[in-house]
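**Q** Heads up, here are the entries from Swiss-Prot:
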- 369-379: region 'Essential for ubiquitin-binding' (REGION)
- 592-617: region 'Disordered' (REGION)
- 665-780: domain 'GAE' (DOMAIN)
Amino acid sequence: MVVPSLKLQDLIEEIRGAKTQAQEREVIQKECAHIRASFRDGDPVHRHRQLAKLLYVHMLGYPAHFGQMECLKLIASSRFTDKRVGYLGAMLLLDERHDAHLLITNSIKNDLSQGIQPVQGLALCTLSTMGSAEMCRDLAPEVEKLLLQPSPYVRKKAILTAVHMIRKVPELSSVFLPPCAQLLHERHHGILLGTITLITELCERSPAALRHFRKVVPQLVHILRTLVTMGYSTEHSISGVSDPFLQVQILRLLRILGRNHEESSETMNDLLAQVATNTDTSRNAGNAVLFETVLTIMDIRSAAGLRVLAVNILGRFLLNSDRNIRYVALTSLLRLVQSDHSAVQRHRPTVVECLRETDASLSRRALELSLALVNSSNVRAMMQELQAFLESCPPDLRADCASGILLAAERFAPTKRWHIDTILHVLTTAGTHVRDDAVANLTQLIGGAQELHAYSVRRLYNALAEDISQQPLVQVAAWCIGEYGDLLLAGNCEEIEPLQVDEEEVLALLEKVLQSHMSLPATRGYALTALMKLSTRLCGDNNRIRQVVSIYGSCLDVELQQRAVEYDTLFRKYDHMRAAILEKMPLVERDGPQADEEAKESKEAAQLSEAAPVPTEPQASQLLDLLDLLDGASGDVQHPPHLDPSPGGALVHLLDLPCVPPPPAPIPDLKVFEREGVQLNLSFIRPPENPALLLITITATNFSEGDVTHFICQAAVPKSLQLQLQAPSGNTVPARGGLPITQLFRILNPNKAPLRLKLRLTYDHFHQSVQEIFEVNNLPVESWQ
């Protein structure tokens, strides 16, 4: 007979009394040895006590796997004290990864069949916590019987167990569908809450269930209206709101049932208006109900006045002292800004005020919403606010703010001068945080505004003289001084105060940039080229410029050294050609939002005139290997002859006149996958400098109610093509249209072979693993021809 070891309370006191971690380990190891000995000797009297101590040790992070089989023995015992500890141990020590969890299936089945409510409750709790798919299939009939038991205690647990079963095995939806209609007539709030949760899960999993439960929308409306008009109840009211948990759950279900369904939406419109106007907002419980009401109004086909009411509620949330509520309001308004832009615009001053929040998450959300609210009518006022925020915002927000200002200015700039001033302000304030293409965009903008050349070069010269630490600003200034240095010296700009600059000051400033330790190699390249161009624009002697160029002929940076050697050679051997070579750069067409719209229109016009069908390949069997699927030889495909899209194209070629070809039209996007709210879209870009290269951006979005996790997208192409997969932007797609995942595919197709893609998607959705393998044969012809 094993001498009984410590009681659980004594063990806890001894562990807490340990002075060091070594003493704690010593106590636990000693007690675990006693527990092992007791298990080996099969002591039935103290088994539940030993397992309880082992569970406490497990909670402290120490190994307790040797107690798994003891859980099975205690569950099979007829004593309630043993079963209670046994089921608790099973929930803590067992899961689907251990085969031992299947051994308790028969014990759970027997306990569910008994009429003892506490035992049935223990079995249901365990099944809903760690029940695997196999266990759910075996025990579904027993749980279905318990759904209509007279005891509310058992029915509540059976309903929640059914929710777990549907998440594990969606095909069990048909088993639990019939009892739900009867359960909706219950007056017990706990049963109603569980039933609404079960119906919500059924509707998310099964389109048939969604159609079935749209018939009960009037009943749900009646239940919610009763809750709203009900007086104070000590049993259910929280902060003066009648059962806010049940109200929130009903609103979520109504949102699912009313989405894209006109009749259901009309049925619940009046109720939603009643909830939105009668709910008390002085406490957090009322705010929770109001927020869920707003989400429901946003998702269903609600009336226009109701949507304005929802936006106004979110506007009141912005004035709340609770930061969590303000964050929720900003996030929701950001979702609404595309569909209800004018209604959200009314709260623009409050949103801008949120930029000054000390909380980083709040100011980030306010920044995103402020940028989304910019349009052609308020761009000047919004840019002033955003530029003021840029000067004082935290460093982690400065890059996003600068990029957003540049994009908004490019899209809504009222004048070119205002556009240039805005970009210069961003470069001066946060030059090191701007996007890489900001320098190229500004140089193209200045080059295309001939009337602003003198103004731009003087503004940039002044900014460069004050600060040479902002590298993008220095690069643009050096480029502009090199191109338009003659205008800087002429002093004939009427738009700003007169500025007297001589040649020596300009050269000294560029030399300062070259010698600065803060200058990047690319910046020195800009400055060296600017000096070289000034040799044809200045009237003085070029010896100083030649000396600087010759110095960098021995620079350690290879690119800078090569450039200096070439410039020196230009001075020595080709001086007669130097003026022609260093002429001002011609105008460069800018790629922006307006150019994209024009290209889209020309693309649509071209599609109307082209009627050639795109050949498709039959879908291959999914049983073969992913790469071998695409190894088959593709048939010869005949394409219509390419027609010159330019007007009078044949005449131009006949006369041998110079002709600038139009920019290529954008390739249309393609949706290739959609399942339960998860969508996969492909967008295509073919760089003009490398037509054989195709860049495909995979965008995964999620409009369902559950997050998509562990998302992986793999692809394969025929062996005649080369595929390179870039790393995705993440592996989780948030629910309800959250931030999508993007991934870049680089495909090299030098032979212009017909393009086919084989995609394999794996992800977890609603606690279920999903794997899809499919072939994409309808890729646009423009992506490979």
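Here the Cβ of each residue, glycine as well, is placed from N, Cα and C on the backbone.
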**Q** DSSP says what for the domain 'GAE' (665-780): how many helix, strand, coil residues?
**A** 0 helix, 64 strand, 52 coil
**Q** When the region 'Essential for ubiquitin-binding' (369-379) is classified with DSSP, how many of its residues are helical, how many are strand and how many are coil?
**A** 5 helix, 0 strand, 6 coil
**Q** Give the mean pLDDT for the region 'Essential for ubiquitin-binding' (369-379) on the 0 to 100 scale.
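**A** The answer is 92, the mean pLDDT of the model over that range.
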